[in-house]
């Protein structure tokens, strides 16, 4: 059965045309779906006959909130959602000066295997549909009562490993009859899937691309990120340069500051050399503590020194604010804990 949450306006128009309905009905239904309704009966300007016909061939499938963690030190809220098939994902709602930002997941789990990331810990289940990505934004907006104006695809999963569904989601969430979130207010974070970066450069979608770099050296990056064994740093930087030239958009390079691993002055100088002359920005991220990987965040002194070296070499650099640190707001850990506890319960029953 078709989930209407996954459909673009054009797809709805085609579907309604095949049902013998006028084109304007599709826009009415699209608006209802994107307003957050949970039942066909909520479509008050649609005839009962059409609602009944729709209910026979389609559904409106919504997420279920399993858990909600509210930070005591800021307004950050972490959500644990259950999908229709029982899979679990995470999202985070964050408040900034410019308003509210939704950090959403693109997959149930991740197959990239980055050593410092909790998303990989519980394994990969499947890609999320466009509707499941959209619903994370809608449900957090409904639950909080706050308008979400920015989205970051930095939750569980590698967005470019779910390319077609992510592109479709972006078009739905940006639509003027939908949530109407501007493309320039959307960021997509990738571990560096080079062919997809090159494909994204041709899409004419002016989002912000963030690339998880974390080292300027192949040996160090490969040890932390298996994807580097397939797409080495030279290939990645080459693709990023093509992206900036094609889109005229600045790339953000994310750099997790890990004590004793990649936070030395030499690491900073190597990074500055790698990025010299690029249209880019570096975001230094104090690494989150993830059970089992042994990584610890760099000291503030190390981070500030690293930042100063980059800036002295002409690289624009910021340090990410640690929102929701008391609830471990980085995505993946809560899902892993939930899956582990369920597994233990089944094993001991």
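Every residue gets a Cβ built from N, Cα and C, even glycine.
Note that this is a predicted model, so its numbers are computed, not measured.
What Swiss-Prot says about this one:
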- 90: active site, proton acceptor (ACT_SITE)
- 96-326: domain 'Radical SAM core' (DOMAIN)
- 103-331: disulfide bond (DISULFID)
- 110, 114, 117: [4Fe-4S] cluster binding site (BINDING)
- 157, 158, 189, 212, 213, 214, 288: S-adenosyl-L-methionine binding site (BINDING)
- 331: active site, S-methylcysteine intermediate (ACT_SITE)
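Known features from Swiss-Prot, placed on the structure.
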| residue | record | CB count, 10 Å |
| --- | --- | --- |
| 90 | active site, proton acceptor | 29 |
| 103 | disulfide bond | 28 |
| 110 | [4Fe-4S] cluster binding site | 26 |
| 114 | [4Fe-4S] cluster binding site | 20 |
| 157 | S-adenosyl-L-methionine binding site | 30 |
| 158 | S-adenosyl-L-methionine binding site | 28 |
| 189 | S-adenosyl-L-methionine binding site | 20 |
| 212 | S-adenosyl-L-methionine binding site | 24 |
| 213 | S-adenosyl-L-methionine binding site | 28 |
| 288 | S-adenosyl-L-methionine binding site | 20 |
How many whole Å apart are the CA atoms of residue 158 (S-adenosyl-L-methionine binding site) and residue 110 ([4Fe-4S] cluster binding site)? 6
What whole-number Å value do you get for the CA-CA distance of residue 103 (disulfide bond) and residue 110 ([4Fe-4S] cluster binding site)? 16
Measure from the CA atom of residue 117 ([4Fe-4S] cluster binding site) to the CA atom of residue 157 (S-adenosyl-L-methionine binding site) and give the result in Å, rounded to a whole number. 10
Roughly how many Å lie between the Cα atoms of residue 110 ([4Fe-4S] cluster binding site) and residue 288 (S-adenosyl-L-methionine binding site), rounded to a whole value? 17
Distance, residue 117 ([4Fe-4S] cluster binding site) to residue 189 (S-adenosyl-L-methionine binding site) (CA atoms, angstrom): 13
Count the Cβ atoms, other than its own, that fall within 10 Å of the Cβ of residue 117 ([4Fe-4S] cluster binding site), considering every protein chain shown. 25
In whole Å, note down how far the CA of residue 212 (S-adenosyl-L-methionine binding site) lies from the CA of residue 114 ([4Fe-4S] cluster binding site). 10
Between residue 212 (S-adenosyl-L-methionine binding site) and residue 117 ([4Fe-4S] cluster binding site), what C-alpha distance do you get in Å? 11
Please give the average pLDDT for the domain 'Radical SAM core' (96-326) in this predicted model. 94
Rounded to a whole angstrom, what is the C-alpha distance between residue 213 (S-adenosyl-L-methionine binding site) and residue 117 ([4Fe-4S] cluster binding site)? 13
Site extent for S-adenosyl-L-methionine (largest Cα pair distance over 157, 158, 189, 212, 213, 214, 288, Å): 18
Of the recorded positions listed as 90, 214, 288, the one whose CA lies nearest the CA of residue 117 ([4Fe-4S] cluster binding site): 288
